[in-house]
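Chemist: Okay, so TrEMBL annotates it like this:
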TRANSMEM  A:12-31  transmembrane segment
TRANSMEM  A:43-64  transmembrane segment
DOMAIN    A:71-201  domain 'Cytochrome c assembly protein'
TRANSMEM  A:76-95  transmembrane segment
TRANSMEM  A:102-127  transmembrane segment
TRANSMEM  A:133-158  transmembrane segment
TRANSMEM  A:178-198  transmembrane segment
TRANSMEM  A:264-282  transmembrane segment
DOMAIN    A:272-396  domain 'Cytochrome c assembly protein'
TRANSMEM  A:305-329  transmembrane segment
TRANSMEM  A:344-361  transmembrane segment
TRANSMEM  A:373-395  transmembrane segment
Amino acid sequence: MQHTFLQISNTSIFIAFILLLIALVPLALSIRSKHEERNSKIAVGIVIVAFILELVYFAFRWAATGHAPVSNLFEFIAMFSIMLIAGYLITYVYYKTKVFGLFAIPISLILLGYGSIFSTDVAPLIPALQSNWLFIHVTTVTLSYGILSMSAVAGFIYLLKIIPADEKSLRARMLEFLMWNIVVVFAFIISISVMRGIGYQNDFLYVDQTGNNAIAEYHLPSLINYNDAQAVNHLGDNQYEAADHFNLGISLPPIIKAHSLNTVVWSIILGTVLYGILRLGFRRRLYTVVKPLAKSADLNLMDDIGYRSVIIGYPLFALGGLFFAAIWAQEAWSRFWGWDPKETWAFITFMFYTIFLHLRLNIGYEGEKSAWLAVIGFLIILFNMIAINLIVAGLHSYA
Amino acid sequence: MELKEIKCPHCGHVNPPGTQLCQSCGLMINEDYDKNKIKDVMRYDGSAVRSKVKSQSIFDKIWIFFTSIRNGVIIIALIAIAASIGTILPQQYFIPIGVDPETYYSDNYGTFGLIYYKFGFHNLYSSWWFVLLNAMLALSIIAASVDRGVPLYKSLKNQRAKKHPSFFKRQRITLNSETADSEDVNKIIDGLKSKRYKLTEEGPHLLFEKGRLSRWGPYINHTGLIIILIGSMLRFFPGMYIDEILYVPEGETVEVPTTDNKYYIKNEKFILDTYEKDSGSVFDKSLAMQGDLASNYQTNITFYENLSSDVVGSEPDLKEIDTDEIRVNHPFKFENYDIYQSSFDNSSMKSMTFKLVDKNDKQVGEEFTVDLKDPESTYEIDEQTNIELRAYAPDFQEIGERGELISQSPVARNPAFVFQVNNDSLTTPEISLLQIQNTDEITPNNEYKVKFVSMENQIATVLTLKKDLTMHLIAVGFIIFLIGVFIGSYINHRRIWINKENGLSLAAHTNKNYYGLKKELNSVLNENGFDFVNDKDEAEHDDRMKG
């Protein structure tokens, strides 16, 4: 029975992914074509079906494992990706913004693609995670992330519209830098999927921070590795033999996850190459290529969405990311606050949005300034969710 | 500059220094007021904000520094940046216990690690400057709240319904209709009352107001934050915070520290469960990829009260008061304490079993077991033979000058024994030293040999004893903070002024969400046959879009 549930769950999220991809077509058409209304209805219809399938994924994976599927990196990122769609649908209900989906849905898809790079296998819970707070804490945090992301989407559209295509200024360069980042993320997901697809895997034996032997799987050639790492081949059943793999030779202590950092370095290299190719192909800055999509956006509305998503997402984040988190930390780790890297970055995220609100409400940062802040807020969320988990090994290293 | 009271040129009311809008009629009386600092003069209409009054004393300067929102934001940003620096390398409490931090940081992270350590970033969150930044934040919150809260209170309390025509013109939302008769106006009044507005009347001047609580949202949430900051300082007061480790070998009873010998805890059994592999469950695939995965850490305990705790030096007189299973996420609670499952230790030994063999490797008598915690002095193995334990070290380090065994610690990790074999057939007793994997004869050419047979491990549970009286205060502070944020964000303070001297003159203000205010007003106006309200910002916005 459990196996069937798991299959249903896996199939659902796969179909949801495809549907979201398909929904982009009528959504793009709805911006300029004559059948505006009809196309946008079709698009939103597809997104709703995809969202329901994502809920099916969630429910059945829960039924299969007996615990809320938010217990490892894949499940957590998938949850964030689902909450982005939820955030989009909520925004759509209130504001009927079509252009919004063209940005929110791809972000959700990229995240889901990114999440599936990690092991998608279901795993039983370690004792620290066996708590009802797992579900409560993670769903409130991801929901608040989803809503806060809408603020960034609104900000990004705002910036695309307000910054002229031919402007030579710092803000234009910053926006282009953002585009470069997006290309890097794309390059990362594509390269790692391809390399895994063709079965490229180099294993290295190293000593981890607790002094135990561990195996690092490299799916991209090793530029950066652990101190005294040895190339090995897996013979199955925990048996390894010495081997000869490519290794450039930069080595780091095991507190830094060198194999993740290696992937990050590769992504930056490949992303920059891809960016260069695109620049040469279009012969203009990349943000000017997507700029037409934001043409019909209403700046005041984007500003309003940007602000409202923050005043909804901020208290929700404080509740889930700090308050519930603290209650659970007290129960599981005997201290409600311990300055663990993940906790610290939740605190920084909270402080950042506190600054956002003060600047906006008291110093009058509206419009473009507010839009920049919203985009930066999203980058901080991504940093906490991805970089901290990948690179720093702390208490929260499971997700 | 001398601070002067300002007499309103319109109505003659005398206002305190620093007032922008006349407390009585709402005329702008202080034009040179710095408009960049407060965007919305309506925020404290009719009241003076202390920090906005140009003034000179040192106290005022410090006060002004901390009341500034800009400076508050800078302090918040500094705290956030400092916090992020603390995550670059692990804090000292994450590095192995007992290691010299300077060596650890420089060995593992090179020069950067050494600099990090020298700057004190390895204990960043308890460093004096991080605490100072937080204290400055607290000061900033208090100063800014008092500075703005007092005039806000006055301005909300002293509201007059009668306002100068220029006040009407300055509002974003307005409506003028000279043709409206008193019947129409009454309908609008009823319409607004049905929207739960509170009405104040002064002759032909009307003030409708609702959601005033919204204005107090920021003050409520800042109060919550101050409570949290006070709560986190309370930890340093004795008795508020206790954090101890309890190391309890299986089967043993220990005193619970800091309870004045009143409570004892016994570790009945420590349980470590792991997930079963290849059980046909959905987890098989992921379990096969790794070593044993723990599913449960549990200590079964019996909890005792010592009835003779108030008699100094007496033997404990234990009375069982509770039993529990302490697991991760399920601490045991008593009084204000919690006891948590933290970890376990199976590196020490409980007992060792030996046998005696003769030259032909034939066993003599029965096996004997030495309890490593409480060894006996002789073990009788048959009628003619006994074995005397001459010396014992639970954690053997070396042999002392006088031939005694020196132990590193009282924990049985590396036991060593000096056995003396007494047998009727021997002329002199035979003595030998036994260590793990090593036997040395002390008397030469021994007939008999003591041999190791087996050992039993001692498993000990490691529990954390916690008492934190600050926790509840911090939780209350956080809840107040959240309530404040909700009130400030989701309630709107809406005010509508009506002058019905000449037809209808209407102005409206809200602290947020003009869209909602317009919608509400328009529905009332529309029902009664009036036009929609004018929105200055929207007109400007339309102009911008056209341009």
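Here the Cβ of each residue, glycine as well, is placed from N, Cα and C on the backbone.
Help me picture where these features are in the structure shown.
Modeler: Residues 37, 39-40, 42-44, 46-47, 49-51, 53-54, 56-57, 60, 78, 85, 98-99, 101-102, 105-106, 108-109, 112, 293, 295-296 of the same chain sit 6 or more residues outside the transmembrane segment (A:12-31) yet have a Cβ under 8 Å from a Cβ within it.
Within the chain carrying the transmembrane segment (A:43-64), a Cβ under 8 angstroms from the stretch's Cβ atoms is held by residues 2-3, 5-6, 8-10, 12-13, 15-17, 19-20, 22-27, 30, 75, 78-79, 82, 85-86, 88-89, 92, 98, 101, 105, 122, all 6 or more beyond its ends.
Confidence across the domain 'Cytochrome c assembly protein' (A:71-201), taken as the mean pLDDT and rounded to a whole number, stands at 90.
Taking Cβ pairs closer than 8 Å, the transmembrane segment (A:76-95) reaches residues 13, 20, 44, 47-48, 50-51, 54-55, 57-58, 69-70, 101, 104-105, 107-109, 111-112, 114-116, 118, 138-139, 142-143, 145-147, 149-150, 301, 305, 309, 385, 399 in its own chain, all 6 or more past its ends.
Tertiary proximity for the transmembrane segment (A:133-158) is limited to same-chain residues at least six positions away from its ends with a CB under 8 Å from its CB atoms, namely 67-68, 70-71, 76, 79-80, 82-88, 90-91, 99-100, 103-104, 107, 125, 178, 294, 297, 299, 302-303, 305-307, 309-310, 312-314, 316-317, 319-321, 324-325, 327-328, 331-332, 353, 367-368, 370-375, 377-378, 381, 385, 399.
Here the transmembrane segment (A:178-198) has Cβ contacts under 8 Å with residues 110, 113-114, 117, 156, 219-220, 263-264, 266-268, 270-275, 278, 285-287, 290, 375 of the same chain, all six or more residues outside its ends.
Panel annotation: around the transmembrane segment (A:344-361), residues 148, 307, 310-311, 313-314, 317-318, 321-322, 325, 369-370, 373-374, 376-377, 380-381, 383-384, 388 of the same chain, lying at least six beyond its termini, place a Cβ under 8 Å from a Cβ of the stretch.
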Chemist: In the domain 'Cytochrome c assembly protein' (A:71-201), how many residues does DSSP assign to helix, to strand and to coil?
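Modeler: Counts, helix then strand then coil: 101 helix, 0 strand, 30 coil.
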Chemist: By Cβ distance under 8 Å, which residues at least 6 away from the ends of the transmembrane segment (A:305-329) in the same chain are close to it?
Modeler: 87, 91, 95, 97, 100, 131, 133-134, 136-141, 143-145, 147-151, 154-155, 158, 335-338, 343, 346-347, 349-350, 353-354, 356-357, 360, 366, 370-371, 374, 377
Chemist: DSSP on the domain 'Cytochrome c assembly protein' (A:272-396): how many residues come out helix, how many strand, how many coil?
Modeler: 101 helix, 1 strand, 23 coil
